[in-house]
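Trainee: Starting off with a structure, shown below.
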Amino acid sequence: MVLLSFSLRFIAFTLTITLTQIADGFQSRMLMNNGLALSPQMGWNSWNHFQCNINETLIKQTADAMVSSGLSAIGYKYINIDDCWGELKRDSQGSLVAKASTFPSGIKALSDYVHSKGLKLGIYSDAGTLTCSQTMPGSLGHEEQDAKTFASWGIDYLKYDNCENTGTSPRERYPKMSKALLNSGRSIFFSLCEWGQEDPATWAGDIGNSWRTTGDIQDNWKSMTLIADQNDRWASYARPGSWNDPDMLEVGNGGMTKEEYMSHFSIWALAKAPLLIGCDLRSMDKVTFELLSNKEVIAVNQDKLGIQGKKVKKEGDLEVWAGPLSKKRVAVILWNRGSASANITARWAEIGLNSSDIVNARDLWEHSTYSCVKKQLSALVEPHACKMYTLTRRKA
């Protein structure tokens, strides 16, 4: 009887632990299944161009420009406020407060304005005691309260940074905000920004909708190419609902040439990276708009198959990047990272096609089609430029 009683207690204990693990696992995956980020997020973020020089007028004007330019109609929906929007001290109730001098109407009024334009409003906080600017408090230890505050303001997106983190692992800090958002009563996109320090691709898919794989991007060729390579390492972890994030776009900020920005946008699109514009939308020039509004390139990024393309071939400075698309298509980039024009070739076996396949090759930047291409695709590519294609198999 004693043995039977012990056995029953052990079984009950084991069952309790197992059910708890199942429940915890289910809860951890619920945020990923919040119905958001079925394709990579598209929108705008204030940091790259404005850093702390932000106010509610700028955010409203940016929302206006997103609509009037036509960018919102092709998928750019998030207007994301980055660091420096809040007061240094919380209020008497312990809540975050919008900075009176720059956001006098408050975040709720701003959210209402952005929503009235058919857009979504994002905001920024930090999994530490202060944000990275050290001008406002972080959310560490205030996750539930801040998540409810964000929800009450109508926030749609949270970028969650990693400064002033007390030396605690992000694996301990980030799930707390994930659960808080889950319990906030509002579906809020959760963007983890721990700079790839603890390989978030391997664990963040159960916690958030995207995760930074790298440090901050800079508006220059060296930074952009380095980050593209670092992000490529984690390609197999991306999936609908959870994406690798190599940081925001620098297109239009002036530090690179047109060809370099074209390469930047093309690689980000193929890599299923978030397409978050980082320039001043109110004054972007024609070239910037044409790059950011290329519907054919954007379609690769937003393809419903949701498989991240990656580097498949490297010969010195000449590279081939490729990835599968829906309807058995393939996206291909021929990228010249060198200083002289060069021919680049992608052979069918290198990009997932059969040697017998005959394809139509659609040039996504020239908006032209090459019919009945066999065995390989070649092009002369200018320095720091790329060619981007979608390949569609022809029926026998």
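Each residue, glycine too, has its Cβ placed from N, Cα and C.
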Trainee: Can you find which of Lys117, Lys120, Lys159 Swiss-Prot lists as binding substrate at the same site as Asp82, Asp83, Glu194, Trp195, Gly196, Gln197, Glu198, Arg212, Asp216?
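Mentor: Substrate site check in Swiss-Prot: besides Asp82, Asp83, Glu194, Trp195, Gly196, Gln197, Glu198, Arg212, Asp216, the record includes Lys159 out of Lys117, Lys120, Lys159.
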Trainee: Looking at Swiss-Prot, which one of Cys132, Cys193 makes a disulfide with Cys163?
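Mentor: In Swiss-Prot, Cys163 forms its recorded disulfide with Cys132.
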Trainee: What glycosylation sites in the list Asn55, Asn343, Asn354 lie within 10 angstroms of Arg212 (substrate binding site), counting C-alpha atoms?
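Mentor: For Arg212 (substrate binding site), the glycosylation sites whose Cα atoms are within 10 Å come to none.
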Trainee: Only counting partners 6 or more residues apart, tell me which same-chain residues put their Cβ under 8 Å from the Cβ of Asn55 (N-linked glycosylation site).
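Mentor: Within the chain, Asn55 (N-linked glycosylation site) has Cβ neighbours under 8 Å at Thr102, Phe103.
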Trainee: Determine, from DSSP, whether Gln197 (substrate binding site) sits in helix, strand or coil.
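Mentor: DSSP call for Gln197 (substrate binding site): coil, neither helix nor strand.
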Trainee: Here the binding-site residues are Lys159, Arg212; which one has the lowest number of other Cβ atoms no more than 10 Å from its Cβ?
Mentor: Lys159
Trainee: Here are the recorded positions: Gln197, Asn354. Which has the lowest count of other Cβ atoms within 10 Å?
Mentor: Asn354
Trainee: If you compare CA-to-CA distances from Asp82 (substrate binding site) to each of the recorded positions Asp161, Asp216, Asn343, Asn354, which comes out shortest?
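Mentor: Closest candidate to Asp82 (substrate binding site), judged by Cα separation, is Asp161.
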Trainee: Distance check, please: Cα of Asn354 (N-linked glycosylation site) against Cα of Gln197 (substrate binding site), rounded to an integer number of angstrom.
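Mentor: About 39 Å separates the two Cα atoms.
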